[in-house]
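Visitor: The following block contains the structure, expressed as structure tokens.
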Amino acid sequence: MYQIENVSKTYTQGKRTVHALRDVSLRIADGELLSVQGPTGGGKSTLLQALGGLDRPTSGSIMLDGKDLATMNDAGLTRVRAETVGFVFQNFNLIPTLTAQENVETALVPMGVTKADRARRALEALESVGLGERADHLPGELSGGQQQRVAIARALVKNPTVLLADEPTGNLDEETRDEIIDLLEGLWKEQGLTLVMVTHDSAVAARTPRRIRIAKGRLKELTGS
Amino acid sequence: MFLTYLRRELRNRRKQTAVVAIGLAVAIALVMVVSSVSAGVRDAQADVLESVYGVGTDITVTQNAQPGEGGGFGPGRFDFDAEDGEATDDGTREIAQERLRTSPGTTAFDASALDTVAGLDDVTGVAATLELTSTSFSGEMPDFDQLSEAGEPGAAPGQAGDGDGQGRGQGGPSSFEIDQQTITGINPAADAVGPLTTTEVADGRTFEASDTGADVAVLDAVYAEQEEIAVGDTITVGGTDLEVIGTVASTTGEGVETAANVYLPIDVAATLADMEGQVTTLYVQVDSSSNVEAVSTAIGAQLPDATVSTQADLAEGVSGSLSTAASLVSTLGRWLSVIVLLAAFGLAILFTVSGVNRRTRELGTLKALGWPQRRVVGQIAGESVAQGLIGGVAGVALGGLAVLAVNLSGITLSGSAGAQIGGFGGRGGGPQMGQAMQDAAGEAAGGGPAGFGGGGGGGLTGTVSDVVLHAPVSLWIVVAAVGLAVLGGLVAGVVGGQRAARLRPAEAFRSLA
């Protein structure tokens, strides 16, 4: 699935140059569940963004199914994000003015799915995460756990091959955290997704077959792959 | 999704939508009111001009009199001989005299100019008029024969004002009256252009081609009523009796006077004024408004002594509150509209950009979901244009109400234009008259002629019209108003969209970290 070779990423923050990734190399197989741990500012999110085509590395290559995301143009990256990769964010990142169902539908807009199909598939996705009855609710009317379920439904409604989750349980209590991890684990098994999950939580990381750690931009394998 | 998202955003950001829409609405309403009032003032000016120059006149050709020339600056002198008039028993003589000459400030020119102008390209109609002023003096003066027989000195200075005068010398009383009427000679066969085109028959009939050379007259209805003259009566002009065949009223408003008191066939007017083959004004119609300037220039080249005036030139000559309103609308109104419009555009841009900044995470998320850039930019621009549209519709409603209020308030504008008519100064019959009578008395002893000096000079007091301001709301004003508001929204959307387009999803998340 992913073959990452010597990836480095630097960016400027004010007058300071930040080395987010330093010569990172990594292979992720199809259908693998991988957790990324590390301190804040260590480079976890930068790696995830590079894997999802949200950002290009300063150097190195990120091959996804044989295509190098590092050299792909904007339109190509947009297409990859629309068709291949699903994202789940720590803050859910739902559109506050749209209902749960409409939020899920936003992921199908760039794929040119018809309105009726969008509505049907969005409702099915919400039912698959146990929120079919809350389809007409606005995000503000849902709990944190429910909002994250909507975000997961949005990430999965387009049937991606990769799911990238950036601290998906970071804003949730322990009970809800376990529910969300159960859900993600179940979907991973059911759909054969490649799931990369950034987390601070060791309990969450402990449930993944493979764990890596990134600190000061350098990657360290915690378990064998 | 586009419309759903747009609708939800506008509804959930009511305050921003309301502020932007209200800002644009106020600006649009102001633009609309200024445009409508401006059109109303233009129409009012056209009404005033038409009441003087007639419908369809694109150019007028006149020739200004120079002081000392035949054209009048005042009514001129009345010359009396000591033997003029009839002696009465109370030591006075009854005297009446009339002068018929071109209107003050104008002079006549050769009628061949009509053919010259008619022969020019793009000229579709020409009518000539001979505009005259008849000034008559009638009254009693001391009988100088009786004075000289009695050996008394000249009369004491008289006292007079407003055209009427009274003087009482030792040789007998004097009282007199000076009347003035404007007379326009027109071609009875030409009715397509000229001063009578903005009149309608009030009684009797107007001229027909067969009236050429006939001693007939058509009177202004207001003048006829004032003078208690009816159709079928006879009036005397230049010592000739003319049959009144009809009266005409102005079509520009009730009670508004037409361009002249009396209309005569032009050949009759020329004969009476001893001005055969001469005219004072040409009314020219041009085939297209785009050719007016060219024809005007061509006339100027052919008739170098003439004063050639287009409608635009004539509009500048409109004076009174109408002129003030036109000036106010064209300066203050226009600039105020531009400033408010720019402020509204700026407000819309500011709010849109601020909205984009506030929605960094939201827009970044959409990009992360694979929304193409054009779709994100389109969404922002769409919201902005919709705000503009709401502002435009509200602005049209607001502007419509404001224009309605203007129309219902019945603002009356007064304007005068065109013809220079002579006026007698208040002192016209005073010391001059007294001196004249003294002179007359002295001359009478020697049997020579006596004379009266004229009154004050001619004044620019042309036809005064009161026009109720009607500000029209045309379809194009509505379309332009909404278009302007949408343009404001579009400009704001483009600026905001550019901000959104520059947003890279990773940077959006990083900036929020």
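Counting starts with 1 at the first residue shown.
Quick reminder: no glycine exception, Cβ is built from N, Cα and C everywhere.
Annotation source TrEMBL lists domain 'MacB-like periplasmic core' at B:17-300. Marked as region 'Disordered' by TrEMBL: B:64-87, B:137-178. Residues or ranges marked as compositional bias 'Low complexity' in TrEMBL: B:149-159. For B:160-172, the entry in TrEMBL reads compositional bias 'Gly residues'. Taken from TrEMBL, the feature transmembrane segment applies to B:332-353, B:384-406, B:473-495. Annotation comment: TrEMBL describes B:337-406 as domain 'ABC3 transporter permease C-terminal'.
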Visitor: Which sequence-distant residues neighbour the transmembrane segment (B:332-353)? Criterion: at least 6 residues beyond either end, Cβ under 8 Å.
Guide: 16, 19-20, 23-24, 26-28, 30-31, 33-34, 37-38, 380, 383-384, 387-388, 391, 484, 488-489, 491-493, 495-496, 499
Visitor: Which bits of the chain, at least 6 residues beyond where the transmembrane segment (B:473-495) starts or stops, bring a Cβ under 8 A of a Cβ in it?
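Guide: Distant contacts of the transmembrane segment (B:473-495): 20, 24-25, 27-28, 31-32, 35-36, 39, 341, 344-345, 348-349, 351-353, 380-389, 391-393, 395-396, 399-400, 403.
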Visitor: Across the domain 'ABC3 transporter permease C-terminal' (B:337-406), what does the pLDDT come to on average, as a whole number?
Guide: 86
Visitor: As a quick check of your reading of DSSP, tell me how many residues in the domain 'ABC3 transporter permease C-terminal' (B:337-406) are helical, how many are strand and how many are coil.
Guide: 65 helix, 0 strand, 5 coil
